[in-house]
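Below, the features straight out of TrEMBL:
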| type | residues | note |
| --- | --- | --- |
| DOMAIN | B:22-463 | domain 'Amidase' |
| ACT_SITE | B:K76 | active site, charge relay system |
| ACT_SITE | B:S151 | active site, charge relay system |
| ACT_SITE | B:S175 | active site, acyl-ester intermediate |
Amino acid sequence: MERADIEKLAELARIEITDATIDEVTRSITEVLQLVDQLQTADTQGVEPMAHPLDAVQRLRSDTVTETDQHAAFQNLAPAAEAGLYLVPKVIDQSDLIGTVE
Amino acid sequence: MHDQTIAELSRGLADKAFSCEELTRHYLERIQRLDTAYNSFISVTADAALARARAADAERAAGTAAPLCGIPIAHKDIFCTRGQRTSCGSKMLDNFVPPYNAKVIDNFDNAGCVSLGKTNMDEFAMGSSNENSFYGPVKNPWATDSVPGGSSGGSAACVAARLAPAATATDTGGSIRQPASHCGVTGLKPTYGRVSRWGMIAFASSLDQGGIITRTAEDAALLLAVMAGFDARDSTSVERPVPDYTEHLSDSIEGLKIGVPAEYFGAGLDAGVGAAVEAAIEQYEALGAQIKTISLPHSNLAVPAYYVIAPAECSANLSRFDGVRYGYRCDNPKDLADLYKRSRGEGFGAEVKRRILVGTYALSAGYYDAYYNKAQQVRRLIKQDFVTAFTEVDVVLGPTAPAPAFRFGAKSDDPVAMYLEDIYTTPVNLAGLPGLSLPCGQVAGKPVGLQLIGNYFEEARLLNIAHQFQLATGHHLQAPQGI
Amino acid sequence: MEWETVIGLEVHIQLATQSKIFSGAATAFGAAPNTQACAVDLAMPGTLPVANEAAFRYAVMFGLAVDAEIATTSVFERKNYFYPDLPKGYQTTQLAKPIVGRGHVDVQLAGGDSKRIRIHHAHLEEDAGKSLHEDFHGMSGIDLNRAGTPLIEVVTEPDMRSAEEAVACARKLHSIATSLGICDGDMSQGSMRFDVNISVRPRGDKTLGTRTETKNLNSFRFIEEAIKLEVARQIDLIEDGGRVVQETRLYDGDSKTARSMRSKEEANDYRYFPCPDLLPVVLEADYIDAIAKQLPELPDARQSRFVNEYGLSTYDAAALSSDAAGAAFFEALVAACGDAKQAANWLMGEVSARLNADERHIKDSPVSAAQLGGLIARVLDNTISGKMAKQVFEVMWKDGGDADTIIANQGLQQVSDTAALEAMVDAVIADSAKQVDNYRNADPAKRPKMLGYFVGQIMKASKGQANPQILNKILLKKLEPKNK
């Protein structure tokens, strides 16, 4: 792990890592990765990855509207809201303009 | 009153030895007087508690009360409480007052329990020492220079200090059992899916499970019955009836087959802890159990697998904390990227940021197979170890933590040393099994916890085995000095 | 050099469920901002998703309609990226195990050719909210009502070779989704959105050229325009010695220009992994069979039925059967007026023109099938002329009302009374001695043309209400040369 690797991860995770802490963060993450690298000693040939502890399947709910409008209560919690909308700094990055799922 | 168990308090309320309001005032007074030394509560909701206690008295007078009506309880500050700040131990949620309850909170409210307040915890349940709380560390009531364990350190400490007869908690990699062990109390992590996760702020969704910290197994049995049950709002909640967990508490454990994994008694284990656990094994033999040494061959890979899977899941679970809809938002963001990066950079503590970055790495292009996928394969091997073991034995027994509570700062600069605190607890979460820690002795005045691991949904059996130990021994009756 | 265009489509189809894919919030369009965003949609801490059965049923219906394999086990994954319209910071979607596997659609091309377009897969996922870019003191507003609306994303193979084929495929997918009733098909509201992957290569080459992706096209016209523009751009670029860069492009339908949004080199790393809050979805064979049995009529079947049952041409049948609501309107109209050919002409003529002019969908037509059927019936029984019917239709469109009332109010009934018409004809003949002479002396072959003058005069006198058929008969009789 280099400082640049941490910067790249921090960018992906949208977390500011200050100059004052980045060396310490780099060092500790390097140690954690050394710990988890012990995984490589395991023979996992043909082992199905396990995402859930129980072999359960998804229950599906019926298509009924059960929720009522609570936007006033929710927007009381918002750092910035106006006219029923959550407010964020105006987007300038071009990719932001797509504004929809891919 | 505070030396009584919930079973005793419930009888006292029924017999009108004291009122719910008197009981609640007693605990509130203790919290106010004593908790400055322990910092086990983030919020104390005295007014709401007293109002609820008076209502409980009215229900008891009317004869409509459920058995636990009026019993005080503390809730880990990870469970959302309607109209009451739910911080998750984080600056990020310091101002967060949810307009909804966690299912667990609803369950205790419906049972008539009186919430005293919200307990301190490692930020977003990430930590094994409670040193990662935005609200400052919790002090271990047995030795205030030492950690209470984590992440449910506040819940364990407040029960140990008799500031509440019981506290809810959550366990993702040992966060109920390890602090219960360090604080000399009883902590139960149920089977994954047994307790609803709705309204319980997620750390690692496939590992998180709500549970309870009490002083006795009997109390845990009483409270698990309230806490557990199917919830249609949690897709991973299991549709399965909730038994009466007290029904088999008194059953004899004659002939019980106890498996002791050789791997849990290796080099990392403190000698005093090992001796206390050996003594407990002898006690069980005296109670008629058969002891069998077993092998859980992939145990040494549990911590590495856990510290991939838990960070990977948390890296996505914590993306919602972005300063847009609730929670901390940085001052004067200059653009959207700045809003995200500084709100998260300033709102999260060091350990949370570290785990998000590790998880981001484990999932990123080119590393997914080597880390995340590999860890999920190892996870299956670890589960398989237990499945095999349970074909031979009824329960698995070992230490909960490798050593007694350590001093503040001893491991805070060394995440790997801190993570190894979870060496005996993480396999249980990876497999989704129920686990219980109960006191079994002391080392230099600090409690030692014994861990029992049961087969899926065999909480009743674990409680029976723990209760029989507590009937025969007095470790769970020990209180910290000055309590 | 002769170039070949290679096109693949990615289509987002909003499913017409009542509630969202993972929450019980309503999906209705047009609500006030954030009033349909519940705690789950807002990603409030501690909230959890529970999957909606109808979303799966609709996805299975789509899969069956395109003759695809239906996955008995499908898995939701998290696709991680930060954007304010994505509250959780990840989109719940399917990647490795989508609900719908390989399938195909057959599309009709001009000239009667048919072409098979393969579908690679279709997966279920959640829609995002909307960012409103008007200014709130230098800020943007976020409305999360749309967040969590169920989508299926259909991904085709790069089987299309022209804008025409791509549009035909897009129309076919639209037709299938609306016929199944799984989508309202309203493209202006984003119910169906198209991303187009485009590359070019020298004709005969086997390897694919570098492709670009033009995103979020929400009309068939934009798909066509965007493809033509991008193909021309790529060919120009290559012929000028440049090379195509893999990138995302955005087409602006107003300016008819496109621009690059971002290059794939700096693409996000989405860090997909199975969603731990949702378990694998297992659909039993019985469940899928029951859906198959109840599948509504599909566009291909409906088109042949229109040919056989109503005697329509293949072209008319295709046009009238593609949209489920349009087809239903047509069938109601035939029932109301009793004449399939007239019904088809009206729908493809006047009605279609007015809908286009008003940018309305047929399901929002202000004139109902019963109203229009009543009007056509009055043409068929000669109460009004075809020309007048168009006037009545205009009134009907603007102000409503049934045909008979409008005809009466406007006094538009034709004059079919023979005596009255004879009197008018006599008056015109009396005033037009010269024209009558010319007519009678003309070559009989030229007379029909000359008749127009007299028809015109009488239509003028009758304010256009003379029944043309009866008038013609009277005129021919009265203008016939007297002495032969």
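Yeah, the Cβs are placed from backbone N, Cα and C, and that goes for glycine too.
Unlike curated records, TrEMBL annotations are generated automatically.
For each feature listed, report its degree of burial, its nearest neighbours and the pertinent distances within the displayed model.
According to DSSP, B:K76 (active site, charge relay system) is assigned to a strand segment.
In the shown protein chains, 34 other C-beta atoms lie within 10 A of the C-beta of B:S151 (active site, charge relay system).
Every protein chain shown contributes to the tally, and the Cβ of B:S175 (active site, acyl-ester intermediate) ends up with 37 other Cβ atoms within 10 Å. A coil conformation is recorded for B:S175 (active site, acyl-ester intermediate) in the three-state DSSP classification, outside any helix or strand.
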Measuring Cα to Cα, how many Å separate B:K76 (active site, charge relay system) from B:S175 (active site, acyl-ester intermediate)?
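B:K76 (active site, charge relay system) to B:S175 (active site, acyl-ester intermediate), Cα-Cα distance: 11 Å.
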Counting across all protein chains present, how many other Cβ atoms fall within 10 Å of the Cβ of B:K76 (active site, charge relay system)?
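Other Cβ atoms found within 10 Å: 33.
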Pop the Cα-Cα gap between B:S175 (active site, acyl-ester intermediate) and B:S151 (active site, charge relay system) into the table, whole Å please.
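Rounded to a whole number, the Cα-Cα distance is 5 Å.
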